[in-house]
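Please read the structure below before turning to the comments.
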Amino acid sequence: MLFLCRASPLLQRTALSSPLRFFAPPKSSFNRTFANTAVRLSIEMETVDTSERLVQLRELMKRNNLDVYIVPSEDSHQSEYIAHCDARREFISGFTGSAGTAVISSTAAALSTDGRYFNQAAKQLDSNWTLLKRGLEGVPTWQEWTTEQAEGGKTVGVDPSVITAASARKLSETLEKSGSKLIGIEQNLVDQIWGDKRPARPNETVKIHPAEYAGKPFQEKIADLRKELKTKKRAGFIVSVLDEIAWLFNLRGNDIPYNPVFFSYAVITPETVDLYINDEKLSPEVKAHLGSDVVVKPYESIFADARALSVNAPLTENGSPMKYLTSNKASWALSLSFGGEKKLDEARSPISDAKAIKNEVELKGMRNCHIRDGAALSEYFAWLENELINKKSTLDEVDGADKLEQIRSKHDKFVGLSFDTISSTGPNAAVIHYKPEKGICSVIDPNAIYLCDSGGQYLDGTTDTTRTFHFGTPTEMEKKAFTLVLKGLIALDTAVFPKGTSGFALDALARQHLWRYGLDYLHGTGHGVGAYLNVHEGPIGVGTRIQYSEVSLSPGNVISDEPGYYEDGKFGIRIENIIMAREVETPYKFGEKSWLGFEHVTMTPIGQNLIETSLLSEEERQWVNNYHAEVWEKTSGYFKQDELTLNWLKKETKPLK
């Protein structure tokens, strides 16, 4: 049974503490890359003592008759990357990764996360926590762990604004089978513990994203959405996902680091357009851009309006109330305000689908910004090699990241970074989403692997590039692993497939060469990329997530191609290009279908001294040479007055023999 209740004031209670535990299968049943649960890093990640926070949380749970409390990572809009004020899971657990769910019972606490963060979580969680390594055989999901903790008719609570309605229903149904129940706690318990130390909610001003970059007026996008509503016979669409609102209205914001979005909701009906946003965020220019047809309402009033819309829904031909359409990412709180499933149709958002197919203006912008970004990366790697090898300079990982940002910022249309730069040397490169911090990060070792995953936000597009270099002499294993990863990148880059194929179906192409050696990587092969929007964009992707099988790739999709390989405590390798799906000509057209392939837009050299050429086929060797010739042609013009970078680029793009 699903219902909403209000939380009670904070009380105090004693917490139980136990050593950090791992749910992990025997070594033989998963990739040896992560066989050792002990984390061997050359830096010390900070571990936060969460004992007192858990004491306070359990007091609140007791006061509200809760036996288990769930703390997801997401905010009220189900954002992957969140504002600091919404980092509740990080606050309660000490784990800073972008993905994971914390579950706290009266006697235990668990944190579930995916393979990108196994090492990081193991280092950051203190002894109060059990780490659930998601996706490994024999490891319970956070839902299963919650159900175990709630056995015997216990009550589980969650803030309904930070969990989707679909997830809440599914968990509730599972709990009810054992006599337990899920309830919504409207006032977030972690917020009460955080108190006045919780960061303020951002309220940054919104800017217009002009048609010269957007490629389509927002009025046309709304007209297209209304056609969808007519086809589906729905009363309106409730928009709660932030990048969908930014894209729909051709606006950009700055409320979440690295993601140009702003806190808002929207309701689109056949006759009206309501934008729920704090008025002070809108300049006169933005209000003029929106025009008189867009009614601006206070951000928080969406919930009261939802109830009114539900009660006054238009009628169908048979006299029954029409349903509203909303994304399957909409929060449980929003769903409850509308009256739940009876009043709402939850589905993959048509805005998400439309946003993922870039128009020609957006595609041109993505090509252009990647050329500028590629030039910035070449300048950085040339500088870094010179500093390490010729000048014998001592540079740490943050020094490198800061220098790269400085170089990027010189380029036209640069707005900021698209995510925290992953500047990692040696064993730190094996931490997939590693974040160096000044004072505790490592000095870059010229005799070890250096992995740099970085990206920029430009007015005309978003970039995301990973390159792995070795400025000394790589080992035989490092060269073999790098080359197998490169072969996987080429396999996806050169794939030709019938229209209607999903990224789920293509994932094995990038892994096949590693698989032949019994190797693999525990992250997806590719994710969608926004156009001056979120660097991680759905609904498309290449990987084993089941949702990737539910949507096929289409011309205009922009995704990453980023296979990798990681040896815990030794090194990590990843090569990442951004590729765009497009129609291609084939000698035959079986079934009269259209056939698709990819165009790569990333223009940065691939570390040649890590390539074991004997492992490449002639076609793969030619691909590398053609790619490097293209990089030289498109970026060398930036270095007419920069002899250092020009010479480095010439060296790194010379043909393989």
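Positions of Cβ are set from backbone N, Cα and C atoms, glycine also.
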So Swiss-Prot lists ASP464, GLU576 for Mn(2+) 2; which of ASP445, ASP453 goes with them?
ASP453
From candidates GLU478, GLU562, GLU592, GLU599, Swiss-Prot puts in the same Mn(2+) 1 site as ASP464, GLU576 the residue GLU562
Length of the line joining the Cα atoms of GLU562 (Mn(2+) 1 binding site) and GLU576 (Mn(2+) 2 binding site), in Å
4
Long-range Cβ list for GLU576 (Mn(2+) 2 binding site), cut-off under 8 Å, min separation 6+ in sequence, same chain only, gives ASP453, ASP464, THR465, THR466, ARG467, LEU489, SER560, ASP561, GLU562, THR602
Within 10 A of the CB of ASP464 (Mn(2+) 2 binding site), the number of other CB atoms across every chain shown is 23
